[in-house]
Amino acid sequence: MYELNNFESIKIALASPEKIRQWSKGEVKKPETINYRTLKPEKEGLFCEKIFGPTKDWECHCGKYKRVRYKGVVCDRCGVEVTKSKVRRERMGHIELAAPVSHIWYFKGIPSRMGLLLDMSPRSLEKVLYFAAYIVIDPGETGLTEKQVLTEKEYSEAIEKYGSGSFKAGMGAESVKKLLENIDLEELYKDLRSKLKESTGQKRIRTIRRLEVVDAFKHSGNKPEWMILDVIPVIPPELRPMVQLDGGRFATSDLNDLYRRVINRNNRLKRLLDLGAPDIIVRNEKRMLQEAVDALIDNGRRGKPVTGPGNRPLKSLSDMLKGKQGRFRQNLLGKRVDYSGRSVIVVGPELKFYQCGLPKKMALELFKPFVMKKLVEDNHAHNIKSAKRMVEKVKPEVWDVLEEVIREHPVLLNRAPTLHRLGIQAFEPVLVEGKAIKLHPLVCTAYNADFDGDQMAVHVPLSVEAQAEARFLMLAPNNILAPKDGQPITTPTQDMILGSYYLTIEQEGVQGEGMIFKDHDEMLMAYANKAVHLHARVKVRRKLHPEDKGRLVESTVGRFIFNEEIPQNLGFVDRKKDPYALEVDFLCDKKALGKVIDKCFRKHGNTITAIMLDYIKKTGFRYSTQGAITIAVGDMEVPKEKGELISLAEEKVDKYEKAFRRGLISDEERYEKVIETWSETTEKVTEALMATLGSMNNMFIMAHSGARGSKNQIRQLGGMRGLMANATGKTVEIPIKANFREGLTVLEYFISTHGARKGLADTALRTADSGYLTRRLVDVSQDVIIREIDCGSQEGSNIKALKDGNEVIEELYDRIVGRYTLEEVIHPETGEVMIGKNEMILEDMAEEICALGIESVKIRSALKCQTRHGVCAHCYGRNLATGEAVKVGEAVGIIAAQSIGEPGTQLTMRTFHTGGVAGADITQGLPRVEELFEARKPKGLAIISELSGTVKVVETKKKREVIVTDEHGESNTYTIPYGSRMKVRDGEFVELGDEITDGSVNPHDILRIKDVAGVQNYIIKEVQRVYRLQGVDINDKHIEVIVRQMLNKVKIEEAGDTNLLPGSLETIFKYEEENARTIAAGGEPADGKPVLLGITKASLATESFLSAASFQETTRVLTEAAIKGKEDHLIGLKENVIIGKLIPAGTGLKRYKNIALNTEEVAQEEIEDTIEEIVEENL
């Protein structure tokens, strides 16, 4: 066996017959499996112990040798080696075939590799392989040609004409094998290379395809005849098990059935050959053997699949690898682990931010080995066995030991679906009674958890290293910021916001207004004795230190209480001018709390922020309870103006109806006007309602503070529900005039059910689509890791605010903060350098840049990074989750994929109907994001200008045309289809690639017309537009990482003197290296153009075959990799997970591999140094 961390790469190739025999421990000759009486494997059968090893540890088949002392002895009676039964998982057998058969992957795949090598169509090849036609192997002196396919009739005619010995022709895989053996790869390669220079069109494409296959065989050392099998490997029996069920029957893996068919047919064929049976019978048997082997390798690839009982297709070797239940995704990429449990979660408001409540029973089971070891150490038990018994009987001393064991031993909590890395965090367990896990309310946002029956899983990090990583990297207080936008994700929600808002409200004319207190405690006492109201403005003397005389500060009682544990130097108050004022002297709604937490984190870091968060949680819950803010039907007052507004609208609608009937306006116009009228009316009713509700109305407080509900929902409760959409998403022109306070009529209720159901169906679809999008994004970007500090790139992006027309999608501030500059940023007025070259732009600098009106800044960008297999820290910028520069080893690709995929569920699924004009529906929401990342041609294409120049609009009765003329007098004419909306006016100047009509642009056109930078900016802008429209903030750099992966390939147009093949895709780095090498040798470099690949294509085009195979199209990827003899250098993360190595990111990087922990000595030295320092200071 290989030592896991000792090999650097894994290679895949075709197996030669010699290799298969070398793997094998013996030939399987009989189709028998297990003897039904003795239940022992049959000799020379599919489960034979002589070939595959003993079924019981250290025991041979006949029972002559038992016990471990005979280890390695081969029994002289039954021939079984005495060893562990585990070898039945790794020992292989083989079947010697009586006639060669072709391997279906290489004959039937698209394109057919065998067909390309022999230059035959797959159809004629199939006829030969399945004994329906003859193929000429050696034409001799006859008029036939090599590889000519003859029918039965033509063959007999040729024999009559030329005589039986004059030429050689045959059928089946044997003949194909002879032809493959005859191929001279070197000659064929040279021949195809010269043909390539002359051919064009379809012929050229075919030649390129053949050249690819020939090149693959030539370089990999595979021989073409190995695509034909003389001998078949039999996989170890434990991987195709046979188990006895209760009723004495057996359940067996489908593979055994498939192997049995192969063995039966093979044995029959051997017998027929020995008997010298007639040709036609032998031929039929050979065909059946070929079909049996096909079914074993890939059932259902050709013809009807072989079915088992109940017409279920049998699972072949290929099916074992494919799909979600296949070997890759089920067992290699995700495994079930020990030391884990799951239970329902309940809220634990009394917990500290870094704690979670773990049920006692669960903790005892999870920490069993630790408890047992500790019991022995503390002399409660003599040995491990008795300790185990104690734990199982749950003796009282076990609980005390458990308390000790779990102290400072973090556990991981995970909630499925884990959409981003905050779906798994570490906490210190606190033992609780009952069976439910207790969760801190502030981490719910990150987990997207609520307490309506959600379940969570617990995992125990076992090794010291794992515990250290859990504590330093995954503990909840270390994950305060969300990686997608760097904003705090642990902001209080619901009750906590409500309490904080209620606490910081200011009211006039309430009890105790204007009172003056000597200190904070006196004010609290007055409040406790109901002498002063929580919302009253009072004056309190504040002191900075005990000796300070202090100063009277005016604010409300609630705000004094709120500020108790909030650091007083967050930057809301200028402390130089006013050292005594309250830091948070404003109404605290959701946004304000977010700001407070953000400033606290940037200024004081994790620990202080965690303490402050716990305080806000505690006071929030307390005062939302004391405030007793509830809602009842009475809180919803229907505005008096409502009736009047509705009757006005009805009159308007009647007027439009009459105008339509008289033919003054079209139905389309009438519909638009009716919708507009009702929308306006709904708005007016809402405004009236908001004016009716006072600022102290409970419903208003809940919505205004951001705790729960929105203006829209209040409108439905107390205003009017307004317009609803029907099943197709078109707005129904009959509005719902009532609200929930008044109650709906039957018709109104019926109209509103459409939209409600569509919403539910949408959500379900969206979740699945969003998950699949995330999976593809992760796959394309999983090997993007920060590899170095600075790649030294001199290129970057010129960043402006993202605009769509006049509407700002993303401000300049958001786009530059936390990035490195490419050039110096100069002050526009003074001309001095504000930020040097290659420096990070911090918040205050970014604010200053925006304040000075600087419109564009040149920054380093991941799109232009020169690092291979990843990006460098300077091109990436700040790690949003920590707020500091990103470290080498950070898996930024996966973070990018998660940041884009996780909010995907919030995006809508809708297609926006342009009121039926020209039928151009504009895709929005999730499908639009998918369309962009898959680089598909969008629906509703816009016409774009292929020149920079002046526009002239020509309109005739029949058509509209736009003519663009550039400065050299060249012009392009674009016909505008009827119903399209134009974006340009006569005499306007358009840039290359600008849109002439409304709609979406095909990204491939932008790449063709503009350049790589143009298409990069387009995708970033469009993706940002979709997310920002839904109120989701994602940082540009995440999209940049994905776009970089979509554009890192070049399509070779002309190969020149390089080793590259025309028409093939190569990474930009390989292309540049190969060209540099060729130019240095004095040759002609290759010519290639950049291509934009969708994320699925880009994932499959990755250099790692393991990663691609585990993603999609497993058999196709493996077929290609085997022929090319590909080597996987295990650079990305997936490959290493599959192999079972540590991933090469974070602490799994090579540079951290051989670090030895020398803790005790170092700690001792440090303690001594510290003592010396203290002594010196005090002397």
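Note that Cβ sites are derived from N, Cα and C of the backbone, with glycine treated the same way.
Here the structure is a predicted model, which means the values were calculated and not measured.
Look at Swiss-Prot and you will find CYS60, CYS62, CYS75, CYS78 tagged as Zn(2+) 1 binding site, backed by sequence analysis. What Swiss-Prot records for ASP450, ASP452, ASP454 is Mg(2+) binding site, and it gives sequence analysis as the kind of evidence. What Swiss-Prot lists as Zn(2+) 2 binding site is CYS791, CYS865, CYS872, CYS875, and the listing cites sequence analysis.
If you take the C-beta of CYS791 (Zn(2+) 2 binding site) and look for same-chain residues 6 or more apart in sequence within under 8 angstroms, you find CYS865, GLN866, THR867, VAL871, CYS872, HIS874, CYS875.
Between the binding-site residues ASP450, ASP452, ASP454, the minimum number of other C-beta atoms within 10 Å of a residue's C-beta occurs at ASP452. Between the binding-site residues CYS78, CYS865, CYS872, CYS875, the minimum number of other C-beta atoms within 10 Å of a residue's C-beta occurs at CYS78. Within the set of binding-site residues CYS60, CYS75, CYS78, the entry lying nearest in space to ASP452 (Mg(2+) binding site) is CYS60 (CA atoms). Excluding CYS60, CYS62, CYS75, CYS78, which define the Zn(2+) 1 site, the same chain contributes GLU49, HIS61, GLY63, LYS64, TYR65, ASP76, ARG77, GLY79, VAL80 within 8 Å (Cβ to the Cβ centroid), listed in sequence order. Closest to ASP450 (Mg(2+) binding site) by Cα-Cα distance, out of the binding-site residues CYS60, CYS62, CYS75, CYS78, is CYS60. Taking the centre of the Cβ atoms of CYS791, CYS865, CYS872, CYS875 as the Zn(2+) 2 site, the nearby residues of that chain (Cβ within 8 Å, site residues left out) are GLU788, ASP790, SER793, ARG860, ALA862, LYS864, GLN866, THR867, VAL871, ALA873, HIS874, TYR876. The binding-site residues examined here are CYS62, CYS75; by Cβ neighbour count within 10 Å, the least packed of them is CYS62. In the three-state DSSP classification, CYS872 (Zn(2+) 2 binding site) falls within a strand. Rounded to a whole value, the Cα-Cα separation of CYS75 (Zn(2+) 1 binding site) and ASP454 (Mg(2+) binding site) is 57 Å.
Sequence-distant neighbours of CYS60 (Zn(2+) 1 binding site) (same chain, 6+ apart, CB under 8 A from its CB) are GLU49, PRO54, LYS66, CYS75, ARG77, CYS78, VAL80, GLU81, VAL82. Within 8 Å of the centroid of the Cβ atoms of ASP450, ASP452, ASP454, where the record puts Mg(2+), the same chain has further Cβ atoms from ILE345, ALA449, PHE451, GLY453. Here the C-alpha separation of CYS62 (Zn(2+) 1 binding site) and ASP454 (Mg(2+) binding site) works out to 55 Å.
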